[in-house]
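Annotated in TrEMBL:
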type	residues	note
ACT_SITE	C:87	active site
ACT_SITE	C:90	active site
ACT_SITE	C:113	active site
DOMAIN	C:74-146	domain 'Cyanate lyase C-terminal'
């Protein structure tokens, strides 16, 4: 089973059982962002987590196997069009040089890893309009000389 | 004075006085990310903050005026090349659909604003390698029907 | 039912029953632009409106469900080719900086929201050639400092 | 005098005299959008209007001549980056097919002209946040057969 | 019946009956360029012409209906590759600024409409090699001020 | 003298003497389109025509030499933005396949040359709006087999 | 039968009969480059050659008809990736301006036709490594003035 | 002296002395294509050839040094626009797959080198129009397995 | 059997038999990188190696034939998105000019062949994190003059 | 002193003193690849190494400061054109999926870091043509789940 079929299968069951990523993640003791990303096929799951997800959804070992597979991460448009995703792209464009200044001033020459990395989404209720809190946590990797 | 000259002037003084964005921000009671962004010319400063920044650096009213000006925010490459900035772009590519799922499940159909928005950078010390904590806080804007 | 099938189904019934977007919108008490956009799959409908549209067309709850789903808004060409749509793109290119000047002079540094937004199309009859009146109404979102 | 120098000269005087496009337009009996567009070099001015603008600003006949010149309208990025302008581009992407449906249902096969065209910007005050009202008015041009 | 199927149907009959666009156009009293364009799905036909074309080819009302439908005009490559079409693109690149100079000197600031437009192809026999005569006829649209 | 300086020199004299391309072409017995194209640096002039143009404008042999030089024809944007030029590009996009059908039906497999080629612009006065008549005349080049 | 099916049919027979383009071309008295190009669908064959090719391969008149059809020549990537084809592209990039200098010095302002054109591939045996000899032969087309 | 200055210097002397690439190459015992390419800065010259070229033109050792320098070969447009160069690009597009078939049938899997490579331009006089003969000669490089 | 089916077949058997590229390569006496590349369809195999691979996997002569076929090497995105592959692209971007300096200083003007080329991947175990050792070995090809 | 001036200064001294990157690196006890990369401005040098390089070249503390500065790594073309650099890009295109298979089979899901990374260039003398040995050494970074 390839990743595409795996995602369609999982999303189908999720709709049929009226589950949310949040409740699944909470029941399984995983982060909603990571769980969603693995189910959409953009991250691989370690064998025990893959088995737990498949079992939770009542799906077979072929789904678990597909969750374990290492994905080829492809996105199709250099500039994303969906407004929610574009706003994130815009933040990278507007604040990219700023983040480079602030991070490298704090840590030295290097980068924030996108591999040794986790992310959370929270909701801050606010009478003037709720707010999205997006927290990224990545290991700092210093450049080396040799 | 245009934004480009303003940035060169500010960065010149900052280097000469051996200041950091962090210390400037702390002394001025502003966020380092926002302050850096305003000084790099990618955000406008309200008149009082613009005056405070210019005064702090020993610069004149033309710099304050330039900080107040509304910038045209242009970035030059659809896919950024600097590794630190590219990793942020990669996160948008890899996790874009995931964030759409998780945010819209939590909030309904809509987006996280990149305008009514703030961001902080923190350092988590860790013996296995320090970590960058990037926190984004944006107002949720629901789509409307009419 | 995905959005694509939903649109094909709705457009099929609309043709068979010889309806217009305008008459549908008028009967349902909705705006023609918004209704069309929801039926083409580029906006989600609140549950009550989704149900009303489906019922009006004699279609089932799967269509209503599909109307409610949050769309991923993708357009395929950076520069559109259809002449009617290109002219709108051209207006953005020719008048973009002008609108930035005029709007920001009137409102301060910020943007017109494309999310908290509505639009109407009207016809002005004119013996020298009828005119299209396109009215956009979007919330002004000021940039913030922090 | 080329259009670039003309714009720099006009904007310089406008800043020095602390004028707004709105007040200039009102004093001269022109639309703010059109006036701004002509002063930014993206539209040509008829001789009488060119002379009136130059005289109002205390500028010479070379500026009037430059306002009269027919511009080559070039914009540099297929996808604009400035957030205010990008939102307009996004509206074209999200609502392009919708506008095609609604306009052609109302008028027949054809387009809204971007040449025989005018546009206005208004402010609607609203305690929940002021709103931008953008009104476009373009002649409908029907396709012809031959 | 969509435009694609319509074109395939018409081209199939044309081949089977060994017709040429030229003879069809002559028999039907239409221009070969326009007729071809309508049959290839890049222009809509008025109801009477649509009916005449379908009847001439011995095709049913679904083909007539499809000929009447308003097309979305999409071309897939910014720079065309077929040599015949590329040469036309090259003419626009090489002579674009020249035509702007010559047309605007003759007519004032404005454009040649591509909507209120017709085109003919003729053959000039020449012993040194026949020549293609391409005649475009478009309404001049002057820019307006307001 | 390079082509760029040559064009600036010629356009400067043309403005100073208040000449039009049309009158220059008429006095010199050349076509306005070709003359403009040579003066804008997109075609080379044979020595006698180069000398005649320079003499007519009261310019020296360096201008004549520059008119004779073989240009490298570069245009900078795959999709032109100026509305007058874009409409020509749009005609190639909308009618490209149609012209291929009609020309190749008439002439066989081959192309219309853009090198052995000439073009004229005429004005058709019309009370409902003057019309631009653009006539292209190119040698047909048949593909060969070998 | 369209060109794609035609190519698949011809290549299938060629593989089944273990033929080479070279031997086919030699038996048929045609050039290997042209024959291959016609069979891959990038050139049309005159009726007699089309018939001869089809007969040689034991294929029917539909294949001959498809060989005769005038192709739309489309290639899909602006920069080719296959190493053999990329090296040709690189030669155009590295030597383009050089060839322009050398050809135009020898022939005057004009181009080498890619339509009235033929090409041959030969093998030069060499103990240090065989060499490819690629010979292009195109009619020189001078620019004209008018 | 960088390559750009070197080319301007050489071309300046060449024009002043009214030399041609052909006569220079003939006098110096070099190929016109290679000599032009080295003088345009797209190939490096061995020290003895660099010295000979500089001496021939009456230029100093800095020009010889610049001819010896290893160039970074950059071309600016993925799809070239100058018609002479574009035709070469078109040949690669139209005949790329054909050449791959014919070369690899003759030589096995591999490529024609663009590095161990030479090229000549000849003129074939013909009363129906002279022809350009372009001969490329590149070492065949077989792919290896390991 | 085309390359795509060949790869799917081979990968299917590899998964079913739980083989690794490493063990296959070791058993067959081939390099893992080359073997994988041939099985993914990006290199052709000599007949004896093609037969050995097919036999090892228990597959028939059609697979061997497909392994022997000369591939057209196409990759679809100018800038790859998968993080593992992007890092290699980034190394080319960051170190490209450096490698040019260092290689050409050592070898003279020329390139490292990507055709007469091999590559190995090794693992260096390290308590602070294992390291990937990537070794590329390509023939140096000097530019020639002629 | 910015990175560009720094590179020009260093390269100027290197040429004047007739140094090679190799000898500089050997004398300074650094790797030639890293040293070149730092001097070309694509890596920052730690303070002690920056001071040593500047002193070795007889340059002042402003050069040392510039070597220490954290670079913004920008490369200008998505697809590089220089043949030496393009071949590296081609290797990434041809072998990208292969390397992904082989590395991830050996190490698990993850990437080779381009930050915690070093590279060496060696020359293997060979009578049939010397060979370039390029060795990349990067830390393996496993993806994490959370």
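Glycine is treated like the rest: Cβ placed from N, Cα and C.
Mean pLDDT across the domain 'Cyanate lyase C-terminal' (C:74-146) comes to 95 in this model. Distance from the CA of residue C:113 (active site) to the CA of residue C:87 (active site) is 21 Å. Neighbour density for residue C:113 (active site): within 10 A of its CB lie 22 other CB atoms from the protein chains shown. Candidate active-site residues C:87, C:90, C:113 yield C:90 as lying near chain F, with Cβ-Cβ distance under 8 angstroms. Counting in whole angstrom, residue C:90 (active site) lies 20 from residue C:113 (active site) by their C-alpha atoms. Those active-site residues from C:87, C:90, C:113 lying by chain B, with Cβ under 8 Å from one of its Cβ atoms, are C:113. DSSP assigns residue C:113 (active site) to a strand segment in the three-state reduction.
Here the Cβ of residue C:87 (active site) has 22 other Cβ atoms within 10 Å, regardless of which shown protein chain they belong to.
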